[in-house]
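Undergrad: Pasting in a structure now, in C-alpha cells, and then I'll have a few things to ask.
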C-alpha cells in the first residue's frame, strides 16, 4: 500500500490526518452547540442548557487534555507511538459517537464524555513528536514537523466549515451528524494507521534499504527505552524550566486564537456569525500555511549547515513573539475598525505556528529517549493558558464588554510574551542534557552498520577492526564527564582498557604512544573522537598485498555515529583542526 511514496512521507500524511482529526473531535461541540441549544440560534434546538452549563460542557475536554498529556507521552516511550495514537483516538472516536445518544439523559454524562474525548486527543502531540525523532531526518525535520502539526491550525478551519454545513443540513438529523461523521473519520484513521504506520523505520516491512539507511544515519535511532524517568534531574534542570516558560508564553499566544478571537470579533466588532467564523479561522489557516513555507526555507538552510539548531529554535520563537507583540499592540489602537483589526490579528497570529519548529521540538534535542514524556509535561503546562485566559477575559468583561476592558487582556498578553521569551532566550538550550542519556544504550561509537561490516569482514578472513572499540570511550558519555565536555569543551585523562586486537599487523608497542597522546592532549570532543578512531585504525590495520606482491598499508577509519546527534557542539570549522591533530597523531604513531 502506497509503495511508491517514501515511507517517512506516508507517516507524515497520516500524522497530518491525526492532528486534523484530533482538533476536529475537540471543536465539533463548539459549532454544534449553537444548533443543539434552544434559543441560541434557532428555536429548533432540543436542549435547555444555561450559559454556565454550556461553558462546563465545552471546557470539560480541556481538563481531559491536561490529564492525558503526561501519561500519553510516557505510554508512547514504553509501547510506541503507533499503538498510543490508535488506542487513544479510538477512545475519542467512540465517545464522540456516543455523545448525541446521551445528551438528553444528563449533562453529567455529556461532561464525562467530553472529558474522555479530551483524554483521547491529548497523547497525539507527544506521540507524534516522539515518532518524528525516529522517522524524520534532521535535514527535513523542520518542514515535515510543521506539515504534520499544521493540522492543529487547519483542523480548526476544516472543522468549522464541515460542521457548520452538516448542522445546517438534514443529514442524520442535522447536528448529530457532526459527531457521527467525526467518529467515522476517527475509525477510518485508526484502520489506516494500523496498516501503513510503524513505530520506527527498521520495523517497516517494505521500506527501501536506501531510505532506511538515509533515515538511520540522520536521526537518533535509540532503541532501548529509559526504564526510569530522572524526575529529580529534570525538576532541577534550568534549561528544561526555561523551555517550559518559553512554551507557556508561545501557547498563551495560541490560546487567544483558539479560545478568544471569536468572542472579541462578535462582541466588540459586532460581526455576523458567518463573518465571525470565517475571519476567526483566517489566522489559524494562514499560520499553518506560513509555517510550512518557512519550514522548507529553514530546512534548506540547515542542509547547507549555515546556522546551528539552537539559533533556529530561539530565532523562530523570538520572531513569533515580536509579531505577536506588534499585532496585539496594533489592536489597542485599531478601535472598532474591522479591517485594521483583522490585519493586526493576522500579524499577531501568522507566525504562531513557529512554536512547532521552535520550542515544541526542543525535547528531541535535549533528550531524544524522553521526548514523549517531556512533550507531555510541556503540553500539560501549556494547557494552563487555555483555562486561564478565558477566565481572565470573563473577569475583566463581566460587567461591560468594551474595548477598554479588553485592552487589559492585550497588555497582559504582551507582558507574558515578552517575559517568557526573554527567559527562554537567556537560559534555554538545544544541547543534549546529561539526564537525557541512557548510559547503557544512548551513545555508541560503532554503529549497527559498522557492526554488520565487522561480521562480513570477519567471514572473509580480513580483520579490519578489533572489538574493543576503546572500552574506555564509555567514560566520555557518562553524565559527569559529558557535562564537563559540554561546559568546558575538553576531556579528562581517561583510563583505557585494552583487549588484544585480532588484526594480524597489530604491534603492541602502539599502545604506549596512544596512552601518551591521550594523557597529554586536551581536545575538543569531536577532535578526540576522530583521533581515537584514526589511532585505532592505525594500530589494527592489516598489511595487505596486491596482485603484484607489493605491500601497502591500508588505514581503516571507523564509521561513527554522527556526533551532531549528540548536540555537544557543531562540526563547522573543524577541518583545519582535524588536519593539525592528524599530523600530530602521525608524528607520535609512526
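Each residue, glycine too, has its Cβ placed from N, Cα and C.
In case it's useful when we look at the structure, here is the feature table from TrEMBL:
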DOMAIN    1-433  domain 'Major facilitator superfamily (MFS) profile'
TRANSMEM  83-103  transmembrane segment
TRANSMEM  109-130  transmembrane segment
TRANSMEM  142-166  transmembrane segment
TRANSMEM  178-197  transmembrane segment
TRANSMEM  240-265  transmembrane segment
TRANSMEM  277-298  transmembrane segment
TRANSMEM  318-336  transmembrane segment
TRANSMEM  342-362  transmembrane segment
TRANSMEM  369-388  transmembrane segment
TRANSMEM  408-427  transmembrane segment
Undergrad: Would you call the transmembrane segment (109-130) and the transmembrane segment (318-336) in contact, using three or more Cβ pairs under 8 Å, pairs 6 or more apart in sequence?
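TA: No; fewer than 3 Cβ pairs under 8 Å.
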Undergrad: Would the transmembrane segment (318-336) count as touching the transmembrane segment (369-388), i.e. at least 3 C-beta pairs under 8 angstroms with sequence separation of 6+?
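TA: Checked: the transmembrane segment (369-388) vs the transmembrane segment (318-336), no contact.
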Undergrad: At a threshold of under 8 Å on Cβ distances, which of 83-103, 142-166, 240-265, 408-427 pairs most often with the transmembrane segment (277-298)?
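TA: Against the transmembrane segment (277-298), the leading stretch is 142-166.
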Undergrad: Does the structure show the transmembrane segment (408-427) and the transmembrane segment (318-336) touching, where I'm treating 3 or more Cβ pairs under 8 angstroms (sequence separation 6 or more) as a contact?
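TA: Contact criterion met.
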Undergrad: Could you give the mean pLDDT over the domain 'Major facilitator superfamily (MFS) profile' (1-433), rounded to a whole number?
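TA: For the domain 'Major facilitator superfamily (MFS) profile' (1-433), the model's average pLDDT rounds to 82.
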